[in-house]
């Protein structure tokens, strides 16, 4: 809501509606806008007053006249123009639950259709007595709009106010029943009026008989009880000549083929003349069909002898589920009625439909005559068109003759399913996290396991992602067996042989699981072992994944897709592009996250992108580019009974051309009309039905911004990133529901777990909105452009919840990175815009920083039309963004003395943080907080209940907003707060979600109440049933303090969520928060690298020579004294941000500048880099300075590779016992010195028996899940008990004195990289972390474990040739490796000098040309050609800084990645690979539990 920023529109509406001189109750507005003079405008206030005494203040945007009526609410997400003109609202003051109204303005209210009916309205004008909304869009945008909503309301003299907590109002009506109310302006007192005592039907009915569709063959008499225009349209469309008669017209003697009664408002029992006329028809011999709609249902029932009653709160909205009693099929319906028939029907009549939620009557039918009626609105407008088929049924009755009933003409359900009988189900996970396939599948897989357990189905989970919650082996919500194995057809087949499941779920493991399942189907494995694919069939999956099949399927139902050709060669791709015309879009089959896709403006780009795409797949789609169109997504659920619901629709703020995973996304869609919304919804359901999807799927549309033209982009027949977002945005647990559906359970029988009362067969209503913003880490990848497009690049995302776009948008921006204050022109991480910035180019070429470029353009007074032209972003979003910057300017003109409570409150309502405000007012954040609280401005806690408060909810799913007037919940539990990890990014991924979930579960097992704060929709920790209270909120000092104090928490755990919460330790502590575990003062000493190094010196714990430096001269002086290379490290960072090995003075200058930018408040530490050392990790739990649990793992790679990118071995393989004892001794000293109570991690360098400390983190590390699962001891469980002061049984813990060292198996943790997505990035490892995920596997020895782990990362073991590229210094060490590879039968290729050296040492090698020298020597083959034709299927490239072929080596590495072949760039990993290939002839399918069982058997 932008109250302070909307004065221009207020002026317009005030001038057009009434004179300013009449305003009595006034509110001062401050307003400034570029190009517009400063205005001082007074906005009129009014109150909504209820008969129970409730009084709420609001601000007028309609006609300034008091009015009385019955206050009702509508939870619909769209179609306010249609709703306002619905005659059923006559005499009622309508409360819209949708928090933002007026986005699309008002259409042409004078336009008429071919029947002479108002084209965009459901009657001849607005019928509501008044309108109440939370937030009104003064600035509107839609291609059909001709004026603002406020202007239209004033023209029709209808009062409307905004600024009302509509959720609070809805709850009052819900709990107390519909009640009388009034909108009162000062000086215009009115009495309460009960419209139900009036015959409202008479007021809205036509006064004359009117005929529509004259000359049509079927005569239908339509009795107007407040009939909607769309009823008439639908009748005429089907060939009716409609005779519209007044409500009291005697139609009993009229000649007709069918009789329809439709409407309307008020108490139907008051329409006695109509009831008597219908009674005559029912009791006569006339058997022409009768169809009653809404009031027509009650009128028909009353005429038949049934009774009606006034409902306590009415059914008004667009998501009411009804069940056809005759065939058990469910439909989503639009409803608007306050009266209903009771369930005792007279003889000869029976119910036809029933409400799934409240079991009220929704329709009746005669048992022998063609009479039927429904309580809902099959003509909708606004709302879903699911039951429009009833008009067809009505006409079928007319055509069939007079002696039949409605059941004979209703369409038969497409499917009648039965429960799928399975006893054991195999669930395929997605493997390690990668760009495009991240933590959302941990969430969805965990939900699927939970659903199976609820239904007493045994589950076998196959997933090598050691860091995921779903791969826990112990717990009530865990699978019965877990296999840490590669998700490949070979290994899945072995698991099927061993476990003999009778069911298989493919939809919870992303593209990995889907592709694997398709291959198993094609190979006949599933048929051979009698495994049923649950949910969507493989044939349907193939129809969505194969681009040609998909196109053919859509053509079968005449659905719109972009003109396209599926091709299998570059030659055909070029021909297709010529036929379609450039620009074209290419898409790969069976690909994830837009991999292998891109926009090709010309032939050269198509050649480049197409060649890379064909390296990954055998088929691509070449299609017309719809860049610049709107991108809209729907999440659709369909059960085996053909019941369909659309759970969520989402709108990409970024237009087509940017992958949805890289787009800013809002839910629900904000700029669609009801016609657009329902058109795409209807299409979604039609497509999903035709494709045979059973479960959940995502469908993406391109919608033309100024017409109704659309095309379908793709369908994902599985849970996806968007599914996880939709689940968290709505509270509807999509994965859980999809898993139940896969067992054949129909939707109406599944409970809505959020409300605890309603069915899962419904479409959620939102009285808030969410904004998703991606998190990129492109700066980490050298050579990668910040430009984004159709291939996804983001590594994570956040979701923010608010009740205005501005609020959720600014929250989301801050959630993405702690350095961001909100929507500002400043770049994240304190970066500066380049001096030669081309702002127009920044806007026209989407990038990871374009949102800040938009802010900069607005700051520079660029016009909105120009920004729209450059970005194709809908102007409505830009209006809102401009409003934020206008508030920023307003605040900058004030100070702590002059800023008013009103202005401060308005800033908070549009998402300004205290920190943001403090920078405008010249205060500190603490001073701003103090000022705000002094003015009694505080946030409100609201629930996400899936129903917009329509039903009471048991949900604990919460968010915080300044747009409200009451809390939804009580604060009487005083739980322990646990801070989650925030957005996934490089260095902080699913492993920290595992830590948080483990801690939460331990607390709950101990009987402690938990309060969780996190903002990542991909996580299990943000699953509302994991904790007692879930706040989907910012991990900022301000918001944590808000929640902590409001909840009166008993303490806060910050050490299980990674670096973001850890960085809050000291600020929270200084603000009085009780930090559980290690003291924040000790955390501060450890995080500050300078202080930590000094402490180690005091403890006489060995470390490499170091120095804290503040200037370049200090750094150069130190480096010259100890010699290069040196390691440069900033403080308080995660995953090696700005950490670099420095080899020269030039590098020192460059890297030091970067390090000081990311860590401005703390000194940078320089350390002598120790070459040739092995890195060792110590993961441990301390208790009051004593180590009570520990695990030591070893890196395969030598030091210099970030620990997050390293391959870990547990137990250690090459470290001497003497060195291990030194590691333990140093750990003891550190634990004692820092009085550690909780989790911590220490990293060591080991060279021979020398042991040096690298760093210590007084929090959980990313290797905690790995060591916990490997050793069978949950380190976080232990740490949590320590932190809250619970006793810990140390007898079975791996203490320093009695370690647990596996003897029968070895665990290998391997990193997952996403190099193919990061176009032009150099795929080589450095100090700064680059991996996006991890996997772990187990084997009897290191070699089998290593090969399993490598295969789990997608590594393909070569079958033909290996290209070797090594620098001269590597040769002596590499010769043995080369001999091993040659002996294993691989053909070796090498550049000329290396080839000569290998041949001279009796290792045959074929010489090849460097890429830059291709063609110079005809006898030397091209590396790129050999790779692309498959002669080379592994590249070993071991460069150093001394080579003169730096660029050539980069080209070779990049070619390997772009061609989808294996690449090794580390000598130690290459050496282990060669050994593994030689020694591990076969790789078994055993997993951790097999080895544990063997160990237990030996022990017994």
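In case you wondered, yes, glycine gets a Cβ from its N, Cα and C as well.
Here is what Swiss-Prot records for this protein:
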REGION    39-218  region 'Anthranilate phosphoribosyltransferase homolog'
MOD_RES   57  N6-succinyllysine
MOD_RES   210  N6-glutaryllysine
MOD_RES   527  N6-acetyllysine
DOMAIN    551-743  domain 'ATP-grasp 1'
MOD_RES   603  N6-acetyllysine
MOD_RES   630  N6-acetyllysine
MOD_RES   856  N6-acetyllysine
MOD_RES   869  N6-glutaryllysine
MOD_RES   875  N6-succinyllysine
MOD_RES   908  N6-glutaryllysine
MOD_RES   1168  N6-succinyllysine
MOD_RES   1291  N6-succinyllysine
DOMAIN    1355-1500  domain 'MGS-like'
MOD_RES   1471  N6-acetyllysine
Hey, how far is residue 1168 (N6-succinyllysine) from residue 875 (N6-succinyllysine), Cα to Cα, in Å?
55
Residue, out of the modified residues 603, 630, 856, 1291, 1471, whose Cβ gathers the largest set of other Cβ atoms within 10 Å
630
If we check Cα distances from residue 908 (N6-glutaryllysine), which of the modified residues 210, 527, 603, 630, 875 wins as closest?
875
Conformational class of residue 57 (N6-succinyllysine) under the three-state DSSP mapping
strand
Between residue 1471 (N6-acetyllysine) and residue 856 (N6-acetyllysine), what C-alpha distance do you get in Å?
51
Quick check on the modified residues: of 210, 875, whose CB has the lowest count of neighbouring CB atoms inside 10 Å?
210
For the modified residues 57, 527, 869, 1168, which one has its C-beta crowded by the most other C-beta atoms within 10 angstroms?
1168
Average model confidence [pLDDT] within the domain 'ATP-grasp 1' (551-743):
91
Secondary-structure category, per DSSP, in which residue 630 (N6-acetyllysine) falls
strand
Within 10 Å of the Cβ of residue 908 (N6-glutaryllysine), how many other Cβ atoms are there?
20
Just give the helix, strand and coil counts over the domain 'MGS-like' (1355-1500), going by DSSP.
72 helix, 25 strand, 49 coil
Modified residues near residue 1291 (N6-succinyllysine): from 210, 603, 630, 869, 875, Cα within 10 Å gives none
Restricting the comparison to the modified residues 603, 856, 875, which residue's C-alpha is spatially nearest the C-alpha of residue 57 (N6-succinyllysine)?
875
Argmin Cα dist to residue 630 (N6-acetyllysine) over the modified residues 603, 856, 875 returns 875
Closest to residue 603 (N6-acetyllysine): which of the modified residues 856, 869, 875, going by Cα position?
869
Rounded Cα separation (Å) that holds between residue 875 (N6-succinyllysine) and residue 869 (N6-glutaryllysine)
10
Comparing the Cα of residue 527 (N6-acetyllysine) with the Cα atoms of the modified residues 210, 856, 869, the shortest distance belongs to 869
